[in-house]
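A.B. asks: Sequence annotations record features per position, and here TrEMBL assigns substrate binding site to R234, T370. Per TrEMBL, heme binding site is recorded for H356. The annotation compositional bias 'Basic and acidic residues' is assigned in TrEMBL to 1-10, 36-49, 102-121. Annotation comment: TrEMBL describes 19-33 as compositional bias 'Gly residues'. Sequence annotations record features per position, and here TrEMBL assigns region 'Disordered' to 1-139.
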Amino acid sequence: MSHETPHLDTEGAQPGSPANGGPGGGSPGGEGLAGKTRDARDSRAEHSGAPHPGAGQPADKAPGTESAHAPSPEAAHGHGPEAAHAQGPEAVHTHSPATGHDGPEAAHTHGETPEAAHGDAPEAADPDNPEAPNFDFADTTPYEDYVQADVLTHLQHPLSEDPGEMVFLVTTQVMELWFTVLVHEWETASRALRREDLPVAIAALKRSVRELEALNASWTPLAQLTPAQFNSYRSALGEGSGFQSAMYRRMEFLLGEKSASMLVPHRGSPRVHAELEKALAEPSLYDEVLRFLHRAGHPVPDAVLERDLRLKYQSSPEVEEIWARIYSGEESAPEQRLGEALTDVAELVWRWRNDHLVATRRAMGSKVGTGGSAGVAWLEKRATKNVFPELWSARSRV
């Protein structure tokens, strides 16, 4: 279930740096989440292995009546990522006005109350009450048309009878959606830097910090998964592993963690493979940052600016010196604000890797991952590394 521990068939693989591993799948940025959920109907989930959620689901298995909103574990196959959370579907999917139903009403009901959005309002609007919301629609509701909730809540097809599998699967799917959002934000920041629009770039990075916090919180349902609980449905995951996630791979590429070998698992999916190949050859977010600093007059060396973009970024003493000078100056300087936004991102990526490591260690110890990976040993190695390395090392020189 590890996102970081690949076991690859390297036949036909493109030359590149060692495999880096990670979660995600689908296409990034410009597409809406609704479009991605439609694609998900025809695709198998590509995860499993260490406790990073994600199990392949047969595309031909009909969702049946076990809606993700099923009120009982039996109706939804009673899933929860672990017996430790043996909470069943209600814990994850139940919508109850009694709980307050967090979130702005407008986001769910276009102005109606939370009760109206989830079926607890009157069956029809009161004609004598002009303030009452409209509940009568000839077709699907505008909420459904926008959110595609029916699609999202029928993508769960557990492969075992264990009640803990449902939360494991849903947690993985939630992570995939957050990967998609993060790719969108970092591509937005990259485009803004190319056109010298630093405020837009920093705004996108700051949004991604909050989104990374939400992504990292997704580990909570799996954080105390025991070996026995994970073993109860682990065999259903087959060879699926988080490192096979295409969207996580795109996220890693944007962070500068390039590796051509990570395209190998996707040779059987031409569209996904083409998207990853394009992302591999394009500048990472950090590449765009360094190009921005160069255009702003900072002496970024040619060896960095003209490096092979298909390879993993390597730390540069000259770039470290640039960041040291920036951090020795005014804190309000645009470059320092950019550096701090990037550092916030890097810190939360590091925390993601460590949360992944701890969850994996608790659930399966040092066993080999379902995808044939080295499991905890590889995750431990990954957890010691930081993205945007000079932003960390430069602080020792200020």
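Each residue, glycine too, has its Cβ placed from N, Cα and C.
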A.B. asks: Please give me the CB contact count at 10 A for the residue listed as 'heme binding site', counting all chains in the structure.
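C.D. replies: Step by step: centre on the Cβ of the residue listed as 'heme binding site', count other Cβ atoms within 10 Å, giving 27.
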A.B. asks: Have a look around R234 (substrate binding site) and count the other CB atoms within 10 A of its CB, chains all included.
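C.D. replies: For R234 (substrate binding site), the count of other Cβ atoms within 10 Å is 23.
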A.B. asks: Report, in whole Å, the straight Cα-to-Cα distance of R234 (substrate binding site) from the residue listed as 'heme binding site'.
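C.D. replies: Distance (Cα to Cα, whole Å): 17 Å.
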